[in-house]
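Inspection log for the structure reproduced underneath, given as structure tokens.
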Amino acid sequence: MKKNLMLIFGGVSFEHEISCKSAYSVYLALLDLNKYNIYSAYIDKCTGIWYLLDSVSDPPKPIDTDVLPIVSLLPGFGIFSNNKNLEIDVVFPVVHGRTGEDGAIQGVLKVMDIPCVGAGIIGSAISSNKYFCKLLLKSFNIPIVPFIGFRQYDYSLDKEEIKRNVKEVLGYPVIVKPAVLGSSIGINVAYSENQIESCIEEALKYDLTIVIEKFIEAREIECSIIGNEKMKIFSPGEVVVQDFIFYDYDAKYSVIPGNSIIFNIPAHLETNQLLSIKEYAFLVYKNLELRGMARVDFFVEKKSGTIYLNEINTIPGFTDISMFSKMCSHDGLQFKDLIDNLIDYAFQSYINRKKRINFKD
């Protein structure tokens with residue numbers, strides 16, 4: 001008997017359109033597997049309301065939310081639409097960015113007591129916040145690029161002190177980032193003290209916490225991992241960016257691969273570099289209690305060969321140009337089997353969690 005699976009996508013996020021493209025790829029794989037009754041839940045970009053769709057398309061068809069049935073979540077009862085309990089057995093969230101990768105949806109589904117593909121609340125929340133994630137990674141002795149972090153309130157109190165810290169602790173150039181946002185949105189490079197204020201102001205449009213890192217000339221290496229306690233680490237790949245300062249939003253989604261962007265899988269690395277990257281990826285996945293999947297991104301400094309962990313993506317892209325599935329495919333795991341495995345990991349994680357004692361009679 002087929003299980004009922006809900007594919008969730010869209011979201012109130014700058015990465016809404018990317019989520020829709022990822023969902024389409026996952027939807028096709030689910031159709032190909034023919035193991036699940038698929039329910040597609042679209043989250044409206046403006047209102048955050050969940051709607052039930054008949055299917056997922058690419059490019060997304062115009063969605064008339066006035067005629068679509070709303071999806072309702074009732075803890076203890078289930079997920080409903082059209083006054084019917086859909087009896088969902090597992091949820092596959094493909095919501096990138098806020099509410100999708102920050103532990104919000106994961107928390108909702110935990111309250112609903114429904115298995116969820118991917119990391120749980122803690123792993124998602126920590127991985128999505130660049131500032132807190134970097135602080136934690138330092139405690140694991142995982143190398144990261146020198147950085148400082150601060151909140152908007154701190155900046156409003158004494159912006160000159162923060163600018164002095166940037167100059168004295170990091171030196172220029174630096175890269176300025178919102179702490180919680182994906183796809184390199186809101187990120188800019190400041191080459192001098194004259195540019196730092198405008199870069200900070202731009203980043204503050206997207207988040208209340210800002211991370212500023214020393215800018216290094218580096219290769220961008222990515223590593224896919226799947227599994228729960230027992231994990232599989234795939235051959236790392238490299239993103240070669242030719243006409244951009246770094247792998248920003250435009251480079252990721254507005255450029256045809258093969259022109260300004262080249263994907264090398266596997267990445268050309270020294271043996272010791274390859275081993276270090278896989279070891280760091282393993283430590284991150286284990287210590288942050290990640291589940292299901294992750295893409296761990298690294299910098300390899302061009303001059304010294306020094307490795308730095310950049311960031312962790314707990315819901316990586318599933319589009320046709322996304323590195324996560326490409327690296328899995330290179331090592332022999334085809335896309336539909338990857339999707340099937342991720343769903344199995346969700347059930348395994350759920351069953352393991354249900355064995356714990358929540359209360360005593």
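Numbers run from 1 along the shown chain.
Each residue, glycine too, has its Cβ placed from N, Cα and C.
According to Swiss-Prot, the features are:
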- 134-344: domain 'ATP-grasp' (DOMAIN)
- 167-222: ATP binding site (BINDING)
- Asp297, Glu311: Mg(2+) 1 binding site (BINDING)
- Glu311, Asn313: Mg(2+) 2 binding site (BINDING)
Over the domain 'ATP-grasp' (134-344), what does the predicted model average in pLDDT? 91
Number of Cβ atoms other than its own within 10 Å, given for Val174 (ATP binding site): 26
Rounded to a whole number, how many Å is the Cα of Asp297 (Mg(2+) 1 binding site) away from the Cα of Asn313 (Mg(2+) 2 binding site)? 8
Among Asn188, Asn313, the binding-site residues in question, whose Cβ has the most other Cβ atoms within 10 Å in this structure? Asn313
Thr209 (ATP binding site) to Glu311 (Mg(2+) 1 binding site): how many Å between their Cα atoms? 16
Alpha-carbon distance [Asn313 (Mg(2+) 2 binding site); Val174 (ATP binding site)] in Å: 22
Count the other Cβ atoms sitting within 10 Å of the Cβ of Leu181 (ATP binding site), across every protein chain shown. 22
When each of the binding-site residues Gln195, Thr209 is scored by other CB atoms within 10 A, the minimum falls on Gln195
Quick one: pull the CA-CA distance for Gln195 (ATP binding site) versus Asn313 (Mg(2+) 2 binding site), whole Å only. 29
Express the distance between the Cα positions of Asn188 (ATP binding site) and Asn313 (Mg(2+) 2 binding site) as a whole number of Å. 20
